[in-house]
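Colleague: Okay, these came from Swiss-Prot:
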ACT_SITE  E325  active site, proton acceptor
ACT_SITE  H326  active site, proton acceptor
BINDING   Y124, Q187, N210  NAD(+) binding site
BINDING   S236, Q258, H261, H326, D359, E413, H418  substrate binding site
BINDING   Q258, H261, D359, H418  Zn(2+) binding site
Amino acid sequence: MLTIKNWQLLSENDKKLCLSRPRQSSAIKENVLEIINQVQLSGDKALYDLTKQFDRVNLQYLQVPQETIEQANIPQNALNAITQAIGTISSYHQSLLPENTEISTASGITIRNVYRPIQKVGLYVPGGNKTPLVSSLLMQAIPAKVAGCPIKVLCTPPDAEGEINEHILVAARLCGIDTIYAIGGAQAIAAMAYGTESVIKVDKIFGPGNSYVTQAKTLVAIDANGAAIDMPAGPSEVMILADTEANSEFIAADLLAQAEHGPDSQVILICDECELANQVNQQLEIQMSYLSRIEFIKQSLANSRIIICSNQSEQLDIINSYAPEHLIINRKNPESWVEKIVAAGTVFLGSWAAETMGDYVTGSNHVLPTNGFARNHSGLSTLDFMTRFTVQAINQEAICNLGPAAMALAELEGLDAHANAVQIRLNTLGD
């Protein structure tokens, strides 16, 4: 069960350790670099070889045939659920579409903001046949579609027969994606970043993954010849803030829902007193007994803990210091806490706000910053699939009025060619 820590009794160093996340092996970076180099050098051949090495599959093709996508079929109840999710996710991301605005900053000057969709985007969905992560696809494909990205490609690992789960194919089809590659892992990220004979090189890569995928995204993002990325999304995490009135059964269920993602996931409960902590631990044991991903859960809980802290100011400091991917405020008057939160990927309010709902059907995006990146990153949105540039119009009146100031600043910085570009125009107007 979860280790219980009394915050007031911890030293400053122990407090830091209490909020530390599982560390990634330094060997991963070297392994991923080797994979990226192999894809860059050998292209499609490397993808076939690496898939055989890591997935133990002899692929017959890299790109899923169009006929296979069109003929994919799933049970009606699954189709209904996907359709409902598409509706709410589309509504939310439509609301985020920006408007092209124009402002006059001075007489004779107008500046217009213009938004454009990124032309080529690559979506990554982890998991093979046993775990078709349809929701991960929807959370990327829908904002890409809403933004108007003309080229959308999907990479996802194949199953043992080299095929893609039909739930993924149907969801992709419903979201307007017809270019799908049966490739997973760091090699998929490398293929989309640099392109191969078969895989389209994209401008930006999206999607979560394991430590290899996250490392690959980080490496291609710092290479000028690679591709931009959405965010460095690592292992999933949740932090729950609960008072004495919170339902321990609900809390345990939310902790387990996050813990089952993988062995490096982390869950933290902050509560006022030991009684609730003990009740939650009891519930964890009860609920774990009938869950399927028990090995993942056990490893995750070993990285996790319960923090006893009765001081609300300190509770707030813990939250903002940790900057959780998911924050559940399961206590009285949860709304009153929101204005004090400065670092969180997404916040769930009240006892009925199961984090699972946000993962699938509320419409909000579940691709969120982890590992403390919520301090300076936001969850995925329509804007991430767009670029913005400004259009500046300057007439004669403006250059007469503001040109001398521009020249003075240019000369202050020792850039006389800058000053000259204005002076020549002023001279022309003076003739």
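Including glycine, each Cβ sits where the backbone N, Cα and C put it.
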Colleague: Please state whether DSSP places Q187 (NAD(+) binding site) in a helix, a strand or coil.
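Modeller: It is helical.
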Colleague: What is the total of other Cβ atoms whose distance to the Cβ of E413 (substrate binding site) is within 10 Å?
Modeller: 9
Colleague: Looking only at Cβ atoms, how many others are within 10 Å of the one on Y124 (NAD(+) binding site)?
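Modeller: 28, counting other Cβ atoms within 10 Å of Y124 (NAD(+) binding site).
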Colleague: Do me a favour and check the Cα-Cα span between H418 (substrate binding site) and Q187 (NAD(+) binding site); whole Å is fine.
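Modeller: Distance between the two Cα atoms comes out at 46 Å.
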Colleague: Considering only the recorded positions Y124, Q187, N210, E325, H326, which residue has the minimal Cα-Cα separation from H261 (substrate binding site)?
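Modeller: That would be N210, the closest of Y124, Q187, N210, E325, H326 to H261 (substrate binding site).
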Colleague: Fill in the CA-CA distance, Y124 (NAD(+) binding site) to E325 (active site, proton acceptor), as an integer in Å.
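Modeller: So the alpha carbons of Y124 (NAD(+) binding site) and E325 (active site, proton acceptor) sit roughly 19 Å from each other.
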Colleague: Which binding-site residues (Q187, N210, S236, E413) fall within 10 Å of E325 (active site, proton acceptor) by Cα distance?
Modeller: S236
Colleague: What's the most sparsely packed of the recorded positions H261, H326, H418, counting other C-beta atoms within 10 A?
Modeller: H418
